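Over in Swiss-Prot, the protein carries these features:
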- His194, Glu275: Fe cation binding site (BINDING)
Amino acid sequence: MNNTKKRGVLLVNLGTPEEATAPAVKRFLSQFLHDQRVVDMTRWLWCPILHGIILPIRSPKVAKLYQTVWMKEGSPLMVYSKRQQVELQAKLNCPVEIGMTYGTPSVLDGVNKLQAQGVDEICVLPLYPQYSGTTTGAAYDALAHALRKVAVVPSIQFIRDYHDHPLYIKALAESVRQSWQVQGKGDYLLCSYHGIPQRYADNGDVYPLHCEMTTELLRLELGLDKSQIGTTYQSRFGREEWLQPYTDKTLESLPAKGIKSLDVITPAFSVDCLETLEEISEQGQESFLHAGGEQYRFIPCLNDAPSHIEMMARLVTER
């Protein structure tokens with residue numbers, strides 16, 4: 001990297017509750033679900049629903065789910081994010097900080113820490129391979145809001161997406177092959193991506209196109225037939241139609257189609273978190289086996305794998 005003494009990297013992810021408690025989860029969900037990028041419903045209608053119904057009911061339930069995946073060092077998302085930070089900083093030999101769109105440390109915290117180290121050019125890497133306004137767009141909003149609060153605005157390089165980057169695809173393929181080597185190869189590889197409302201895609205969000213492209217490139221890299229791999233969408237919320245096919249419904253239907261041994265990967269998540277560890281690894285396995293499946297293999301996120309750190313470094317140095 002050129003000018004490493006003045007250039008730094010800001011890794012941006014969604015964020016996480018600070019504790020696996022109902023109050024902490026409530027604070028986090030309140031900030032997250034207040035974002036109009038996430039829920040675009042009219043505020044006067046949405047806010048009473050959010051504060052009167054959703055937060056009081058969901059916060060204790062979600063807190064209990066977090067407790068099932070919480071690590072000694074804290075939230076999995078934060079633990080793996082910090083490991084990424086350390087590894088990438090060593091790889092690039094330049095300052096690397098973390099900034100979360102919601103919760104702490106915030107994007108502003110990350111910018112302030114970088115500037116305190118003399119950084120005047122920041123490469124912002126939102127760790128969302130596939131672009132969506134609900135994630136990368138929200139990260140950009142958080143960055144813009146943060147820059148309003150600094151005395152000197154640094155030069156910014158913003159990486160919008162990397163859904164088709166060769167090193168990203170190779171890193172995914174490597175994780176699949178490692179799983180096959182250790183656990184055996186299933187009849188089918190299911191690529192489960194976080195969903196968004198179908199209406200958002202209808203209004204121009206390119207997210208499903210990026211997801212489909214990632215799956216196709218992974219298929220080609222692994223040499224799979226189109227009948228051996230598929231794309232689904234998880235984590236839907238509310239009654240509105242979301243991107244389909246739904247992951248949970250697919251898991252319930254695959255055994256009846258003769259698929260008894262299943263591999264599941266979550267390419268849209270750069271680190272393991274509640275949605276991968278609890279929803280896919282635990283609930284997903286239970287659903288698949290209950291429907292008649294026999295073997296269910298969850299493939300962890302790329303996290304701080306060397307191939308993932310190498311890809312992140314390349315994304316930064318290419319700019």
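Note that Cβ sites are derived from N, Cα and C of the backbone, with glycine treated the same way.
Here the Cβ of His194 (Fe cation binding site) has 26 other Cβ atoms within 10 Å, regardless of which shown protein chain they belong to. Glu275 (Fe cation binding site) carries a helical DSSP state (H, G or I).
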